[in-house]
Amino acid sequence: MVISFFTDGIKFVSLRITICKPKNMLYHNFLISIRNFFKNKLSFFINVFGLAIGLASVILIYMWISSELGVDKFHENDDRLFQVMENQVLGGEIVTQGATPDLLAETLKNEVSGIEYAAAVAPSSWFGDFTLRVGLDVIKQKGQFVGKDYFSIFSFTMLKGDAKTVLHDRNNIVISKDLATKLFGSPEQAIGQSIEWNLIGKQKESRVAGVFETLSANSTEEFDFVIPYQKFVDLSNEIGRPMTWGNHGPHTYIVLEKNVTSERIDKLIKDFITKKDKNQDNVILFLKEYSSNYLYGEFENGTVSGGRISNVRLFALIAIFILTMACINFMNLSTAKATRRLKEIGVKKAIGASRLDLIIQYLGESVILSFIAMFFAIIIVLLVLPQFNEIIGKTLEFNFTLEMILALAFICIVTGLIAGSYPAIYLSGFEPAKVLKGKLSNSFLEIWTRKGLVIFQFILSVILIVSVMVVYQQIQFIQNKNLGFDKANIVYFTLEGRAKSNLDPFLKELKAIPGVENATSIENSLVGNEGYTVDVNWQGKDLDQLVNFTSFQINHDFIETLGIELSEGRSFSENYVADNTKIILNKAAIEVMGLKSPIGTTIQLWGENKEIIGVVENFYFESFRNNVKPAFMILSPNKTLISVVRIKNGAMKNTLSRIGSFYKNYTNFSFDYKFLDDDFEKLYETENRIAELSKYFALLAIFISCLGLFGLSAFTLERRKKEIGIRKSLGSTNMGIVYVLSKEFVVLVLFSLFISLPLSFYITKSWLMGFSYRIELQVWYFLLAGLFAIIIASLSIILQTIKSINVDPVEYLREND
């Protein structure tokens, strides 16, 4: 078919165009696409770079989310595996916790039908690292005490030993493959060997009866060995720690029999503790899916309120937003450069190409570009993955599995179709006659569609900027808040050997070391102490009132070493021999008891009378997401396991060296210490990681938004070339032209601020409500975020505008309308 036409009445052009078969047409369109890419290099680079950043962000977040969703999902009994939780009515509110009575697990299994396995667990977080000794080898490892059914409940692969019976003998120990290799050379050689271990000053020996595969990264359980729970019961009896229904601490896990529902067991165990101890009539037991604990670990008034799942959802949205922004940039830049393809569009339409043909072509171009961007995105991922792993605290690997390849291909196609949808519809909708004359349609809807997309981009960017600022300020507030004690220059370590059996002489010599300001000892780690008791009574206590008291069994000088402030009374003193019958409470406990003059008042603890000799200000050893709990301190030097030392300011390095030498000589054990302020940082490790990730993704969002403004300004300047030429010819200054051309974009940014700032306030306010102690939102957060957005946007617009006004106006005036 031959078509002849005149252009501007001067040139006669004869085109002979053969209608191609579909297969050849696809090949022809592919060549045109590649030619267009190289013809518009800047546009091609910006589109590919923007999409590559968006796709790289999606890949990284996808890998992280997949890892998070897979935590604790590998257990064979996953659908029947539950943790027994407690709901307690305290002060009109329902408090949920995983600490349960020591006696619960075995009793449930024996008395409740429908439970196949049950095990109590005294977790590794209680004890710090155990000291293990084999011959002359001494190492520190994480261990925990677990019930007989533990390896029937959890699917940790047993390499040696019978999972069903390996924990039946209280003198057994089951170790990991790594530990077996480290101590004995191999799992095979480890079986039957003896390991000495030390806890609470008690030297024990256990026989290796089993070896399990070293735990994977997608397990929340953290230990290198386990010891039968019965051994923990024996130790507790030795030190006089009663196993009662009133003492709550261990975790209880169960596996239901097949075809037994959790709802049925919930009904059977609801009042189980009350039946065993009538004083605990406000304790309600219920089951929670074990694998959901990692993502849904937060409760509010007795119901699940969230947890890490909120972070998963947050970053899933961020990934979608960033990729959407990149797609919007592609749309704007493609339509901005439409004038360069008018003739091509006009000719194709004139010779009979349908709108669907053009849509398919342009969608094909965008999909091809998406695959090119994916290639660069993968390179970006491989380059930044080590740093990304460091931020998130995981070891993610990018593997080209079939699943990954299919996922990436799907993302490419969907991204290409979304990014190319508007340009394809826009370009294919031109009328041939107007197109061949170089006239683009300029409808109100088209103009505001592009502007609306840019506004949407900046709304998301500003929300991210404000959110990052608020998260950072909240973390700073928490880290600098008065904890009720001074955590700086505090180190602690486990008491072992002679340090435990000769505690008083040990502490006396420890205090004499140059650089040591004070020293004491305590039963458990200060941070993460989950133990509590309800067995506290006082005169005037409501019979229906049940209060959880956090217990601190301490030595002399504990209050002084930590710098806890006394509100009333006195601390424990070696000058008072009867202080082991006394008790010190925090203010939260006094308020719960309603005591007006607490000093000298006698209360009952574990059936024994205790006289209150002091009241301390509230001090915090938990996350600020929780209110401070009632707590008591009793003098129990023989039950303390950990030494706490305050070192003089500026003398840390040399003093630690002296303490280490002294400890090794005194105990023949290695000196392994921790800093108290490091433990507090770990309490907010998740928030710190989220803040760090949010910062980087917010910067990416801002960058992509600026590319979006670049696209819209390019589109507008393309249309206003002749206006620029006329203004320059009439003597307008460059700054005047910059003002005229830039003001509409600044209006768009201001409009986006009008929407985004209230949304930012609502989102950040909701997030802060998760903290019992939080910052107040300040106006300057929002003003600074808005100012930052305006400056960045203005720079991107002005740079593009300056480029256009520096062109010779004659070139613009020569162009046809």
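A Cβ is built for glycine as well, from the same backbone N, Cα and C atoms used for every other residue.
Just so you know, TrEMBL annotations are computer predictions that nobody has curated.
As the structure is a computational prediction, the values presented were derived from the model and not from experiment.
Long-range Cβ contacts of the transmembrane segment (44-65) within its own chain (Cβ-Cβ under 8 Å, at least 6 residues beyond either end) map to 37-38, 312, 315-316, 318-319, 322-323, 325-327, 329-330, 333-334, 369-370, 372-374, 376-378, 380-381, 384-385, 388, 392, 394, 396, 398, 407-408, 411-412, 415, 419, 697, 700, 703-704, 707, 710-711. The transmembrane segment annotation in TrEMBL covers 44-65 (among others).
Positions annotated as domain 'MacB-like periplasmic core' by TrEMBL: 45-270 (among others). Averaged across the domain 'MacB-like periplasmic core' (45-270), the predicted model reaches a pLDDT of 89.
Residues or ranges marked as transmembrane segment in TrEMBL: 314-333 (among others).
Residues or ranges marked as domain 'ABC3 transporter permease C-terminal' by TrEMBL: 317-432 (among others). Residues in the domain 'ABC3 transporter permease C-terminal' (317-432) partition by DSSP class (helix H, G, I; strand E, B; coil) as 99 helix, 0 strand, 17 coil.
According to TrEMBL, the transmembrane segment annotation covers 362-385 (among others).
If you look up TrEMBL, you'll see 405-427 (among others) marked as transmembrane segment.
Feature annotation from TrEMBL assigns transmembrane segment to 448-472 (among others).
Residues annotated as domain 'MacB-like periplasmic core' in TrEMBL: 460-637 (among others).
According to TrEMBL, the feature transmembrane segment maps to 696-717 (among others).
The domain 'ABC3 transporter permease C-terminal' feature in TrEMBL is assigned to 697-809 (among others).
As annotated by TrEMBL, transmembrane segment applies to 737-759 (among others). Outside the transmembrane segment (737-759), and at least 6 residues removed from its termini, the chain residues within Cβ reach (under 8 Å) are 451, 454-463, 466, 709, 712-713, 716-717, 720, 724, 727-728, 782, 785-786, 789-790, 793-794, 797-798, 801-802, 804-805.
The transmembrane segment feature in TrEMBL is assigned to 779-799 (among others). Here the transmembrane segment (779-799) has Cβ contacts under 8 Å with residues 458, 461-462, 465-466, 469-470, 473, 702, 705-707, 709-710, 713, 738, 742, 745-746, 749-750, 752-753, 757, 760-761 of the same chain, all six or more residues outside its ends.
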For this session: Could you give me the DSSP helix, strand and coil counts for the domain 'ABC3 transporter permease C-terminal' (697-809)?
Result: 95 helix, 0 strand, 18 coil
